[in-house]
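A short worksheet on the structure shown next.
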């Protein structure tokens, strides 16, 4: 029997980012209970030896499955370790892969309170509005002028620990240049 290949998009990430993602997911599943409907599958519960974990996020009738991998073929650079993540949207027998931004938007649609566009009308009418968006990574566009004014008026506090963001998990850190802080100009010219 011949080999059957299946091609899928796997976002290359480092091991520590996957570890942080898994611990944030578990924290919000079991401690804060904001993601209590999510399901975490360990590596030993999978038939595929390359899968290190799976997070199943119900979205109505569909679900989002974020799968992390280990032991993959390394990338073009030495620090491209063999870890990755795939993001899949499933509904019954239909499956498709999506990008991290869309995954964050879908999570935002179904979970976590938001200071939404409707808050503008509610605030004008004198009704109580949700004070802040709990999941700002789910927004990918700039809001209206009124929305921006209200969101700057109501400052959001940084959440500890932060909510798990798929965009942050799959962020491309490999091809970004290193940024140094507090080094103005050439260090040779500064006398160091």
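Residue numbers in this text run from 1 along the chain shown.
From the backbone N, Cα and C atoms, a Cβ is placed for every residue, glycine too.
Cross-referencing 10-13, 14-17, 18-21 with Swiss-Prot places the feature region 'Interaction with host APOBEC3F' at 14-17.
It is 40-44, from the ranges 30-34, 35-39, 40-44, that Swiss-Prot records as region 'Interaction with host APOBEC3G'. Check Swiss-Prot against the ranges 54-72, 130-148 and you find region 'Interaction with host APOBEC3F and APOBEC3G' recorded for 54-72. The most densely surrounded of the modified residues 96, 165 is 165 (count of other Cβ atoms within 10 A of its Cβ). Over the region 'Multimerization' (151-164), the average per-residue pLDDT in this prediction is 62. Counted with DSSP, the region 'Interaction with host APOBEC3G' (40-44) comes out as 2 helix, 3 strand, 0 coil.
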